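Enquirer: Below is one structure. I have some questions about it.
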């Protein structure tokens, strides 16, 4: 069993920068020992240890559970007794922990519940429910927090019978004690209105009760809650207007009190009921509209109220979507009141916003551009305004234009003093001008009552070039206007703007140069149309500015090189670099060695403490772009300059970088005639089991292993470890696709004389998986694999491959799985490979015809049905939109594919077009085979086909 003192020592060292890596490695070595998880829990529970050590333990435990609780098939990885003891101890432990530790253990419990609840954790519900009481609110808070950490999993899930059964199971146990506790807490708040300590814990409990109320109702409104809607919503209505000075700190302006959090959660719940359950909630909606109005018109603009304002506005937005409630607002008087009392106060720039701009510029940008963990007032107001405008564009536009004219007049009267009025003017014009949603591709439709290009010329362009701008935020507003309406400006206008934006990369103003970088990147990603992969900007368009753009962008990053965290803080700069590289393509090859050296320097600095997954991603994308556009004869030089750093990444086990490094090395090997000498030493370590344990590694290491096999399979003198990797992948539902990808390379690229001793075992593994735990995807990939083998190794080989396991087994597999699955394959490349491989069995398979003649007619039915299908589903384009990478927010949670060096799918039949070429090939092949048979084949087979397929065959053969 792991020693508690040793584990505590390593955890204490893990929070010190100089010892963090070593201690992490030591803990990883210990985690394989029996009882390690329990030891971690005991460390977390030890009140005599420093809180920092316990928190480090809670974080490590959370990640340990994510890594080690179950495999990809849901089987426990820990010993059974460890599993049971952890589940027994973790609930009472979490209940007793302080808030910051509860959060981490709550996530661990949620992970455990994902795999084990309810079937493998049947005692959980009764254990939780039995701990609830009317008097011990501290315990109640802990119990409810545990429950919420489990039940919040339901919120994003798709409806299913299994999910509803789980929810019903919980409701049957929880609803009665839950509602009783809600009423008790309400009563005790009233009874303790002058007792600050009691009020604080009671409101803590009330907050979690509201979150659970949402959990219980997130999928559908249960009958119990429908029956008790007056009770529950009556209590919540009461607390939206509740005030008590004991719950507020007048000196606190930034952080929301528990009372504000309670009101915000109520508004979130009320929005759910308005959106989803208006049929039962309708009679109460007007009461909540009134109280929300009172709230919004009475609370101050202090940041601590931002979350409440945002949630309240989101509720009003949901109300506005319902026509009968919109009519409350659909008149000039009401709309003026909304404008003056709600929208304008909440979109006007505050001193706190200006301070954020100056003191924490990257956070200002994230809030402005993306929103943040707590939604901004401006974002919520914009959503509300957009909904009002969609319902009555003329009324809303005219009312706001009248107010906006006044803002312009105030600004012009004293620009240096009244610059915020111009900021407000630009913000409101932008919000009014946009129709529909802003997608990653930008604005696609604008308000016909407004002219965005004319506004740009008159109001925006001067602020781009003026040397006497009243406040730098107006410069940012001007740049952001280009960013927002880039699709409405012509290419000629954008080309004129590019040098201006480029000059902003030389300023010291953080937000200015960052927005300039963002806007340059977005301009370079404008496509010729929404469905086109082609960009409007090409390398010729930026040839005169590419070098200076890259130089300035890289300089902005490296000026923070003293700190790995600060260096990697601003992913927008690196993303812009990547886009410039992608656009310039091969036009700056002489710069590649110098650029690569700078990126390697950045990687080396980041490696000390990887902190920003997006910055990391775009850094490696940029390296990939350079390699992709490098002439093949120059690759070895660049590889030699990278490999020392990459080998350090491996030796120091920098897991945040490893999947990227594997992809880059794989690309280099794919492009090389021989495996570079600096890469050869990786071949054997690549086969080590620990390399394949981290889920995020698997696609990349599979690609690298395939590239070794493709370029020089003799680098693996012993095939057993390679086949062991295949066995591991093919057994997994999560990685079966990678297993088939690897097997294709093994079967087609390794000399058959070397492979022959293992052929039968490969077939056994495939068939065992088919028998024991097949999935729809597995059977489809097996069908494609059969097609590939038939095409490349021959129909006779395929039959012997299966029948060597058991004579006659081929008939069962072919008839029950392959030909029934073929018509269901949607991916066009897979369909082509499988269809032509199956056809090959008929027209080139003498052994097939002699041994399995009864399969011919059913095989032909499958071929005709597939070849006649009009489906063109799911063939991926050659490009991947970079905006799809926005989800990258954490390291190691999933594989992050590098777009710049993406692997092309293997096509064994490139001469046959995946669309019309397949039908044409099938028709020609059948006609040719029929002619060789003396016109007997089709005459013989036609009566054996279904009537529908007889018609389809005739149409196919004549080219219809």
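Every residue gets a Cβ built from N, Cα and C, even glycine.
From Swiss-Prot, here are the annotated features:
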REPEAT    1-33  repeat 'HEAT 1'
DOMAIN    23-96  domain 'Importin N-terminal'
REPEAT    34-73  repeat 'HEAT 2'
REPEAT    74-120  repeat 'HEAT 3'
REPEAT    121-157  repeat 'HEAT 4'
REPEAT    158-220  repeat 'HEAT 5'
REPEAT    279-323  repeat 'HEAT 7'
REPEAT    324-392  repeat 'HEAT 8'
MOTIF     366-381  motif 'Nuclear localization signal'
REPEAT    490-528  repeat 'HEAT 11'
REPEAT    587-630  repeat 'HEAT 13'
REPEAT    631-674  repeat 'HEAT 14'
REPEAT    717-751  repeat 'HEAT 16'
REPEAT    752-794  repeat 'HEAT 17'
Enquirer: With helix taken as DSSP H, G or I, strand as E or B and everything else coil, how many residues of the repeat 'HEAT 2' (34-73) land in each class?
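Expert: Helix (H, G, I), strand (E, B), coil: 28 helix, 1 strand, 11 coil.
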Enquirer: Would you mind listing the long-range same-chain contacts of the repeat 'HEAT 11' (490-528), meaning Cβ under 8 Å and 6+ residues beyond its ends?
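Expert: Distant Cβ neighbours of the repeat 'HEAT 11' (490-528) are 357, 361-362, 364-365, 369, 441-442, 464-465, 472-473, 475-476, 479-480, 482-483, 534-537, 541-542, 545, 548-549, 552-553, 556, 570, 572-573, 575-576, 579-580, 582-583, 882-883.
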Enquirer: Please work out the mean pLDDT for the residues of the repeat 'HEAT 11' (490-528).
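Expert: Averaged over the repeat 'HEAT 11' (490-528), per-residue pLDDT gives 96.
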Enquirer: Considering pairs 6 or more residues apart, do the repeat 'HEAT 16' (717-751) and the repeat 'HEAT 2' (34-73) have at least three CB pairs under 8 Å?
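Expert: Yes, the stretches contact each other.
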Enquirer: Could you give the residue numbers and ranges of same-chain residues that sit at least 6 residues beyond the repeat 'HEAT 13' (587-630) on either side and whose C-beta is under 8 angstroms from one of its C-beta atoms?
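Expert: Residues 17, 20, 539, 543, 546-547, 550, 554, 557-558, 561, 564-565, 567-571, 574-575, 577-578, 581, 637-638, 641-642, 645, 648-649, 652, 654, 656-657, 660-661, 663-664, 667-668, 671, 885, 888-891, 896, 898-901.
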